[in-house]
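Enquirer: Here's the feature list from Swiss-Prot:
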type     : residues      : note
BINDING  : HIS75, HIS174 : heme b b562 binding site
BINDING  : HIS89, HIS188 : heme b b566 binding site
BINDING  : HIS193        : ubiquinone binding site
TRANSMEM : 25-45         : transmembrane segment
TRANSMEM : 69-90         : transmembrane segment
TRANSMEM : 105-125       : transmembrane segment
TRANSMEM : 170-190       : transmembrane segment
TRANSMEM : 218-238       : transmembrane segment
TRANSMEM : 280-300       : transmembrane segment
TRANSMEM : 312-332       : transmembrane segment
TRANSMEM : 339-358       : transmembrane segment
Amino acid sequence: MPHQQILMLFGLVPVATNISTWWNFGSMLLTCSVLQVLTGFFLAVHYTANINLAFSSIIHITRDVPYGWLMQNLHAIGASMFFICIYIHIARGLYYGSYLNKETWLSGTTLLIMLMATAFFGYVLPWGQMSFWAATVITNLLTAIPYLGNTMTTWLWGGFAINDPTLTRFFALHFILPFGIISLSSLHIMLLHEEGSSNPLGTNSDIDKIPFHPYHTYKDLLMLTMMTMLLLMIVSFFPDIFNDPDNFSKANPLVTPQHMKPEWYFLFAYGILRSIPNKLGGALALTMSIMILLTVPFTHTSKMRSMMFRPFMQLTFWTFTATFLVITWTATKPVEPPFTTISQVAALMYFLFFIFNPIMGWMENKIMKYN
């Protein structure tokens, strides 16, 4: 066994002394994934993937299964926690230049895509009104693909409309994808330890490192305790805070909800999709809103890794963060002025961040007189 793997086995991996709390979200994500797999298994034991019984089986789990309400709420709110952690994790990677560890960043972006797919399939399973219509709207975007679109949509649905075969295959995919996520997470962690994690200064920390255990394990445990407390508080006192009222009604293909809305963690992508008044253009923008993260390591031009000493880039980054929140907010509103205009401007600003990133780096190099 190589020396590095032996160190990893005993938690003795050398880590920079100056990594901050923003580096704790990796271990929090690992905890979230374990929680999701465990609660998901116990829910799958009682769930029935049939359009006539799915909604009733969720009610049965909540009312009749011992601690079923706890499992169901932990799984649903745990998914929201997962996305809160992953968005902060990505933001930290963008701010501190962690994306320059290319293999780790690319595997992480692939993980995000897999996670979003898993969450989408999971949202359809209760077969509530919003579950059904969200599935209809999002899968229907495949028809925008020239030549192959209609065939692919029919193949995905298992028929000419969303029906029992669709629910069955979505359940199968929702069950199998987390195992792929766990495998890729292991690869993500191994690739990270090939080079070692970055630090807030963005400098080489080889001269100042400490063992991961006990120093950073206790630091991680503090944040894990806080996250667990927050999760249990929401589960106990505000279990429906992230739920859509429409999803408490059984799916009815004959009644369209007044306002179509996916889960809150997809709203930024949905807002970008809605901001473009063209089906194919919207579908491409939706895909690019995630895929554009893959370009970041290849467009970095600054001689400095972290944004800590780059005030212009800091302003750009926090504008990007505000834009993300604005798109999320506009996606909850009806498709009418002024919300359409706001979402279009915000969507443009979202993509401009990734264009400004290399330009600002080049300008900073000129100002600092780097060759």
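All residue numbers here begin at 1 and follow the chain in the order shown.
Every residue gets a Cβ built from N, Cα and C, even glycine.
Keep in mind that what you see is a predicted model, and the values were worked out from it rather than measured.
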Enquirer: What residues in the same chain, six or more past the boundaries of the transmembrane segment (170-190), come closer than 8 Å to it by Cβ-Cβ distance?
Expert: 26, 29-30, 33, 36-37, 40, 44, 47, 49, 104, 107-108, 110-111, 114-115, 117-118, 121-122, 124-125, 135
Enquirer: Just the number: how many Å between the Cα atoms of HIS174 (heme b b562 binding site) and HIS188 (heme b b566 binding site)?
Expert: 21
Enquirer: Quick one: do the transmembrane segment (339-358) and the transmembrane segment (25-45) have at least 3 Cβ pairs under 8 Å, skipping pairs fewer than 6 apart in sequence?
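Expert: No, since the transmembrane segment (339-358) and the transmembrane segment (25-45) share fewer than 3 Cβ pairs closer than 8 Å, they do not count as touching.
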Enquirer: Same-chain residues six or more away whose CB lies under 8 A from the CB of HIS188 (heme b b566 binding site)?
Expert: THR104, SER107, GLY108, LEU111
Enquirer: For each of the binding-site residues (HIS89, HIS174), count the other CB atoms lying within 10 A of its CB, then report the residue with the highest count.
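Expert: When each Cβ's neighbours within 10 Å are tallied, HIS174 leads.
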Enquirer: How many other Cβ atoms are found within 10 Å of the Cβ atom of HIS75 (heme b b562 binding site), counting all protein chains shown?
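Expert: So the number of other Cβ atoms within 10 Å of HIS75 (heme b b562 binding site) is 21.
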Enquirer: Within 10 Å of the Cβ of HIS193 (ubiquinone binding site), how many other Cβ atoms can be counted across all chains shown?
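Expert: Here the count is 17.
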Enquirer: In the same chain, who gets a Cβ under 8 Å from the transmembrane segment (25-45) while lying at least 6 residues past its ends?
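Expert: Same-chain contacts beyond the ends: 61, 71-72, 74-75, 78-79, 81-82, 85-86, 88-89, 92, 175, 178, 181-182, 185, 189, 220, 223-224, 227-228.
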Enquirer: Give me the CA-CA distance between HIS89 (heme b b566 binding site) and the residue listed as 'ubiquinone binding site', in Å, as a whole number.
Expert: 17
Enquirer: Specify the secondary structure state of HIS75 (heme b b562 binding site) as given by DSSP, simplified to three classes.
Expert: helix
Enquirer: So, in DSSP terms, is the residue listed as 'ubiquinone binding site' helix, strand, or coil?
Expert: helix
Enquirer: How many Å separate the Cα atoms of HIS193 (ubiquinone binding site) and HIS75 (heme b b562 binding site)?
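Expert: Distance (Cα to Cα, whole Å): 30 Å.
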